[in-house]
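According to Swiss-Prot:
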ACT_SITE  89  active site, proton donor/acceptor
ACT_SITE  152  active site, schiff-base intermediate with acetaldehyde
ACT_SITE  181  active site, proton donor/acceptor
């Protein structure tokens, strides 16, 4: 298995500098990761630098709380795509999900999917650490109904990250035709292999180089 092609090489810390982001971009070129996952402010830089390379440009929408308005998320998506993003990882409205407002949650996702249609993959971050199992299932079902390409466990900025149990539940819920992304706390090759075995088709990590080289000592967190 080519683990590198399953990894979104990630740098989302608020204090990331241009030098930090360039390092991630160069590593993505060298190791041929699936994508770089960066904050929207770095999308144009990444798109320019990765032109001609088989590495997607992934950014985050409504991140990390998911509490911006649907209109804002849709605008962020269009703006990111205009600057060169080919994948967007959006955060659901977690509070609305917990309120049982399925209509709002679905519309929130749907509007981002429509804004990205034909131009970028949409991954929906459900923030599993804040949800009950019933809420996780409902979030996945609403994501599929709204037309999302992937469901994703975590932002990496809340109280917990991906677990193999959550990945298995998400995979069971969405079926074989929607992607499942594990992110948050995936720092070693063993972690990544566990997630893939549980059903993940993509892994978000900042310790991507250490994962590929199977070097636990090199693992760091840029979430």
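Each residue, glycine too, has its Cβ placed from N, Cα and C.
Values in this document were obtained by computation on a predicted structure and should not be read as measured data.
All features noted in Swiss-Prot, drawn onto the structure.
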| residue | record | CB count, 10 Å |
| --- | --- | --- |
| 89 | active site, proton donor/acceptor | 28 |
| 152 | active site, schiff-base intermediate with acetaldehyde | 29 |
| 181 | active site, proton donor/acceptor | 27 |
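Taken residue by residue with DSSP, residue 89 (active site, proton donor/acceptor) is part of a strand.
Looking at residue 181 (active site, proton donor/acceptor) and the residue listed as 'active site, schiff-base intermediate with acetaldehyde', their Cα atoms lie 4 Å from each other. Taken residue by residue with DSSP, residue 181 (active site, proton donor/acceptor) is part of a strand. Residue 152 (active site, schiff-base intermediate with acetaldehyde) and residue 89 (active site, proton donor/acceptor) have their C-alpha atoms 8 Å apart, to the nearest angstrom.
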